[in-house]
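The structure follows.
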Amino acid sequence: MSTVSLSRLDREIEELAAISAHPAPAVTRVLFSAEDLRAREWLTARAKDAGFRVRKDPVGNLFVCWEGSEPCLPAVATGSHTDAIPNAGKYDGVVGVLGGLEAMRQLKEAGHVPKRGIELIMFTSEEPTRFGIGCLGSRLMAGTTSPEEAGALRDAEGRSLDELREAAGCRGNLGAVKLSTGAYRAFVELHIEQGPMLEEKQIDIGIVEKIAAPSAFRLLLKGAGGHAGAVLMRERQDAFMAAAEIALLVEKAALESGSSDTVGTVGVVEVRPGAINSIPCDVKLEVDFRDTDREARDRALARIGDGTHALCRRRGVKIEWQVLNQDPPALCDPGLVKMVEAKAVAAGFSTSRMVSRAYHDSLFMARVCPTAMIFIPCFKGYSHRPDEYSSPEAIAKGVEVLKECLKELSLQ
Ligand code: GLV
Ligand code: MN
Ligand code: MN
């Protein structure tokens, strides 16, 4: 039976959810918004109340540190994110951050003396809302994104990452974010599944073996505008009609990729001038495309590319194609996978090995140190929506497994 102090963790999840740009039950906390800054302050205060030291790096990744008795040994780390896309729920990322804090507090209260340090990381901008790229903090930590690439990022209002991070009190060169080799002994992330499998099969703990390969691209389409009454259909270079065909092509390429795991989503469509009696001349599309099978994903992407260029030529629409990211999948460390499984089984929980279809900061931490993920069930698999829900009991089980892993790893 779990020993997690449910009331403390549950109360904190509610408190953090109240720091939102949209009213409950929705949660919206976009990178470096007023809410994100308040959430960071709130988390820092909770960590200090528990007796931990807190530091931040130049991109705003927060580190809650518990020093070990042998401080020269690489620490063991856990963590996730507290930023939330518009109209999201309370649990995505938060369970890993507050659950990680709870696991550290429980170990401390039980008198555990870690040999190597234990660190909780709150990663900057796991969500792509502000700059169009997810996992910004962990990408910089892994060196996957260079300081120059990050420095060139602009949000929809044209504000740069440097301007926003400096206003948020995150100073220093972005190059300093990159972790040195061997900086961590291990990284273990607790997260809600964001899919229905665990709940449907009534499994307590999902043990992630592989994280799907995500990619995203932006298309800027330029046609010719004109009067909706006066320009005949055959004369048109309607940028939105090209966009509509591209969206269907994305769906077809995902459905026919040969892999049942391919998913494609056209999540952003902006049409200009956006007047009912004016032919669309400019369209921005943003497309998210993923698979556990990298080759199948890349074949489907090539098909979308060929089809898009052909249909744009046919329609007389110009196209600019910007790759936002095209990442390989990540494999979790087999030794850590076994450890998570053993801890869950020892606690009497049912388990299943699985893949993560969503991406996480673990995708990039896996490039830096042995990494594993602990999944817990969530209601109907709902996520990125206000009715996202994981029960206190499900969260407590995840925290229990995480705590036992951190305990053992911190003594190795
Ligand atoms: C993370 O939020 C994802 O989109 O997978
Ligand atoms: Mn998310
Ligand atoms: Mn998440």
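Each Cβ is built from the backbone N, Cα and C atoms, and glycine gets one as well.
Annotated Zn(2+) 1 binding site per TrEMBL: His81, Asp92, His191, in sequence order. Taken from TrEMBL, the feature Zn(2+) 2 binding site applies to Asp92, Glu127, His384.
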Please list, in sequence order, the residues in the chain of His81 (Zn(2+) 1 binding site) that are at least six apart in sequence and whose C-beta is under 8 Å away from its C-beta.
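Sequence-distant Cβ neighbours: Gly93, Gly96, Val97, Met122, Phe123, Thr124, Ser125, Glu126, Glu127, Gly137, Asp361.
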Which residues does His191 (Zn(2+) 1 binding site) neighbour through Cβ under 8 Å, counting only same-chain ones at least six apart?
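Sequence-distant Cβ neighbours: Ser80, Asp92, Gly93, Val95, Gly96, Ser356, His360, Met373, Ile374, Phe375, Ile376.
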Which of the binding-site residues His81, Asp92, His191 have a Cβ less than 6 Å from any atom of ligand 2?
Asp92
Tell me the Cβ neighbour count for Asp92 (Zn(2+) 1 binding site), meaning other Cβ atoms within 10 Å of its Cβ, over all protein chains shown.
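Taking all protein chains shown, Asp92 (Zn(2+) 1 binding site) has 28 Cβ neighbours within 10 Å.
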Same chain only, sequence gap of 6 or more: which residues have a CB within under 8 Å of the CB of His384 (Zn(2+) 2 binding site)?
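Expected: Ile85, Ala88, Gly89, Asp92, Gln194.
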What's the number of neighbouring CB atoms sitting within 10 A of the CB on Glu127 (Zn(2+) 2 binding site)?
23
Show, in sequence order, which residues other than His81, Asp92, His191 on the same chain lie with their Cβ within 8 Å of the centre of the Cβ atoms of the Zn(2+) 1 site.
Ser80, Tyr91, Gly93, Val94, Val95, Gly96, Val97, Glu126, Ile192, His360
